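Working notes, beginning with the structure itself.
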Amino acid sequence: MADINLKEITLIVGVVTACYWNSLFCGFVFDDVSAILDNKDLHPSTPLKTLFQNDFWGTPMSEERSHKSYRPLTVLTFRLNYLFSELKPMSYHLLNMILHAMVTIIFLKVCKLFLDSRSSMIAALLFAVHPIHTEAVTGVVGRAELLSSIFFLAAFLSYTKSKGPNNSIVWTPIALTVFLVAVATLCKEQGITVVGICCVYEVFIAQGYTLPLLCTTAGQFLRGKSSIPFSMLQTLVKLIVLMFSTLLLVVIRVQIIQSQLPVFTRFDNPAAVSPTPTRQLTFNYLLPVNAWLLLNPSELCCDWTMGTIPLIESFLDIRNVATFTFFCFLGALGVFSLRYPSDSSKTVLMALCLMALPFIPASNLFFPVGFVVAERVLYVPSMGFCILVAHGWHKISKKSLRHKL
């Protein structure tokens, strides 16, 4: 944190406090009731080992009705709150506010890897005040997002130190990264997605490769015209270590949930039990819906269930235009970020990775989840969005005609 000064920290803490001070006087609502008020794992009389046997809601992982959300470190912080103030909500909300400020400060550190100081501060301040975070910060159960984000960002920052002189491998930061990924995953499942971001960083940022260069090198190697460069071999070793560690974490996770996915009802996620092509069309449409919430968070909802987003049952539904437009825009940014070696391309690439990879577990694209839309899961993806906005602001402000504007 050496390159973050006290003035920046004070400004961030002040802005976060101004935004969320009123949350200190809130009670427990919605999922807080199940996770806090009805959860016996918070009580000192419950053995500490039970936290590592039950899910987020206090249900044994072995039971069929378990939600399979394994977040013992988050529940441990609830238990510490209970020791301090039992079921008085103020301490729970205060800790959430402090954690959000901590995430924002660490995010500022990450931004400075890809943006100048002023643009980094713009991104961090936008992240601090973005309305999409209301559920994650003001809702006590949103602490899973906050805690996971701290270790998520810390793991990434640790990995950026793994490149030594002459492209040598520094193993201590990699070992620390693996440990922090495991801790982030014990706070919330999406913590493991930081491994994907580290891999992209290694290939396209640390090593400076572009997609055309990788394709050319691979083509020459397959035709026997050249050998793999030593720097690329070093990169492969690091990626293999990361992937093996991730696979190990996934295997452990599967063992914990006993190879069973949670069972959700039509009420939780109507599209998940709908026939083809309704299921696919609706799930793909939810991606631009989430992107729109980041861009224009004017209509937020605490519980996006049942009919809040009607199913798309036909290819002729006008909402498919939004899906098509979203993928075209995302594809254009992806081509720009992977094809060109400029600093701007690298910034856009990391922003896209932060937006897309942490969202994959909640996207419904690979396995159904227990909600249609949940604003709390946009907490980490909004980091990538804030970097994109700050980068765009920087590009526009450099033009003399638009500088003052």
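Note: Cβ is positioned from N, Cα and C throughout, glycine not excepted.
Straight from TrEMBL, the features:
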{"type": "DOMAIN", "residues": "259-330", "note": "domain 'DUF1736'"}
{"type": "TRANSMEM", "residues": "9-30", "note": "transmembrane segment"}
{"type": "TRANSMEM", "residues": "90-108", "note": "transmembrane segment"}
{"type": "TRANSMEM", "residues": "140-157", "note": "transmembrane segment"}
{"type": "TRANSMEM", "residues": "169-186", "note": "transmembrane segment"}
{"type": "TRANSMEM", "residues": "192-215", "note": "transmembrane segment"}
{"type": "TRANSMEM", "residues": "236-256", "note": "transmembrane segment"}
{"type": "TRANSMEM", "residues": "318-336", "note": "transmembrane segment"}
{"type": "TRANSMEM", "residues": "348-371", "note": "transmembrane segment"}
{"type": "TRANSMEM", "residues": "377-394", "note": "transmembrane segment"}
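Put simply, of 9-30, 236-256, 348-371, 377-394, the stretch with the most CB pairs closer than 8 A to the transmembrane segment (90-108) is 9-30. Mean model confidence of the domain 'DUF1736' (259-330) amounts to 84 (pLDDT, 0 to 100 scale). The transmembrane segment (348-371) and the transmembrane segment (9-30) are not in contact, since fewer than 3 Cβ pairs between them lie under 8 Å (pairs 6 or more apart in sequence).
Through the fold, the transmembrane segment (318-336) approaches residues 281, 284-285, 287-289, 291-292, 312, 345, 348, 352, 356 of its own chain, all at least 6 residues removed from its boundaries and within a Cβ separation under 8 Å. When the stretches 9-30, 140-157, 169-186, 236-256 are ranked by Cβ pairs under 8 Å to the transmembrane segment (192-215), first place goes to 236-256. Residues of the domain 'DUF1736' (259-330) grouped by DSSP class, helix first, strand second and coil last, total 36 helix, 1 strand, 35 coil.
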